[in-house]
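Student: Can you keep this structure in mind? I'll have questions shortly.
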């Protein structure tokens, strides 16, 4: 989920580390936790009534009678096992088998790439950094990453096709994530244990980021000529894996997708200082032939990658992918979303009409609220989403009604921030690729890497 500049579009940092820290392990054990709506989009609010057998041993000689008894026992056992569900050994279609069932001994490790820390680090700092990643923390990230891989594989094969509605694609992705996490998010607080890291972004053509189907909007149908960005996050215990890809059915856009994918991979190889990132140079070496014209691919300059904190998709660091004077550096113990965006347009994004989603501003208390509907809505937000970004679909899934006036009041008071879709000029096409990387004592781990991208 991209962070727009200069506004930032990010939550306040609120990181928390495990109280008992251990050195990073390459293969840790798995964690045990596994019409009014449209008006609100436009900022208009109307009237709202808010107020193996048991005895079987190697080397034991048995008589024929004993063998017969054992056969009878095993037959009973087999009969009993037929009546129950057989243990799953592979994922279903659609994905519904919890990941903890498929990976009882540990989750896959991401791609490990060389990490050259050229900064001076004292022995004390090195010892502290090596303890930042405990086994449960790494397990949470790796579980979330594998869920992302399995769900997006299903989405690419079964959901994302010409003629499909974006609503059905979003719901298919989100249903898969919740099933594999083992948390449906319907009970109070359940969505904070595991589930969606933020609403599924499904952005067509000149819409580069921050669009999702919402109640009150028209049902958008995916066409063969469209370029679709798919951006979704998975979290386990607040540890968010953020990854995105682009789909185009027309080979006309192959160079656009290749340019952005290569730029993202270039960004992943950056070692420490964020001003070293030169993904834009890679991206802008490509051209796209559109309607008989050769159009250079432009790097979108006012949207960036970002660090990720616990329960906060946007931390305090931005990761621009154009040449810059950013003094920030990547440090061991941090998590980053490395993403790049390319366009056949002007390469600058503006806010569009509508609202993608909302994020709680943890720095602003709600104690001064007077509107009853705003107080009630804030209580629901804090109990179910905390500082995770959410959308109206998620509120209505919980059964929340008549929330429009209360939401406007929360936004007006700075307690909740709204996110608008980000667009380039009409008629242009945009693409995005993104991965989450972890910097730990074992190196740089591209946690969301898969065979697809």
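Cβ from N, Cα, C; glycine included.
Straight from Swiss-Prot, here's the annotation block:
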BINDING   210, 314  substrate binding site
BINDING   231, 242, 434  divalent metal cation 1 binding site
BINDING   242, 306, 339, 434  divalent metal cation 2 binding site
COMPBIAS  1-12  compositional bias 'Basic and acidic residues'
COMPBIAS  46-57  compositional bias 'Acidic residues'
COMPBIAS  67-82  compositional bias 'Basic residues'
REGION    1-101  region 'Disordered'
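Describe the structural context of these features.
Tutor: All protein chains included, residue 314 (substrate binding site) registers 28 other Cβ atoms within 10 Å of its own Cβ.
With a 10 A radius on its CB, residue 434 (divalent metal cation 1 binding site) counts 25 other CB atoms from all the protein chains.
Residue 242 (divalent metal cation 1 binding site) falls within a strand when secondary structure is assigned with DSSP. Residue 242 (divalent metal cation 1 binding site) counts 30 other C-beta atoms within 10 Å of its own C-beta, drawing on all protein chains shown.
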Student: Using residue 306 (divalent metal cation 2 binding site) as the reference point, find which of the binding-site residues 231, 242, 314 has the shortest Cα-to-Cα distance to it.
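Tutor: Given the candidates 231, 242, 314, the nearest one is 314.
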Student: Starting from the divalent metal cation 1 site formed by 231, 242, 434, give every other residue of that chain whose CB sits within 8 Å of the mean position of their CB atoms, in sequence order.
Tutor: 1, 2, 201, 232, 233, 243, 244, 337, 339, 432, 435, 436
Student: Going by Cα-Cα distance, which of the binding-site residues (231, 242, 339, 434) sits nearest to residue 314 (substrate binding site)?
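Tutor: Going through 231, 242, 339, 434 one by one, the Cα closest to that of residue 314 (substrate binding site) is 242.
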Student: Quick check: in three-state DSSP terms, what is residue 314 (substrate binding site)?
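Tutor: Where residue 314 (substrate binding site) sits, the three-state DSSP reduction gives coil.
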Student: Far apart in sequence but close in space: which same-chain residues, 6 or more away, have a Cβ under 8 Å from residue 339 (divalent metal cation 2 binding site)?
Tutor: 2, 242, 244, 264, 267, 304, 305, 319, 321, 432, 433, 434, 435
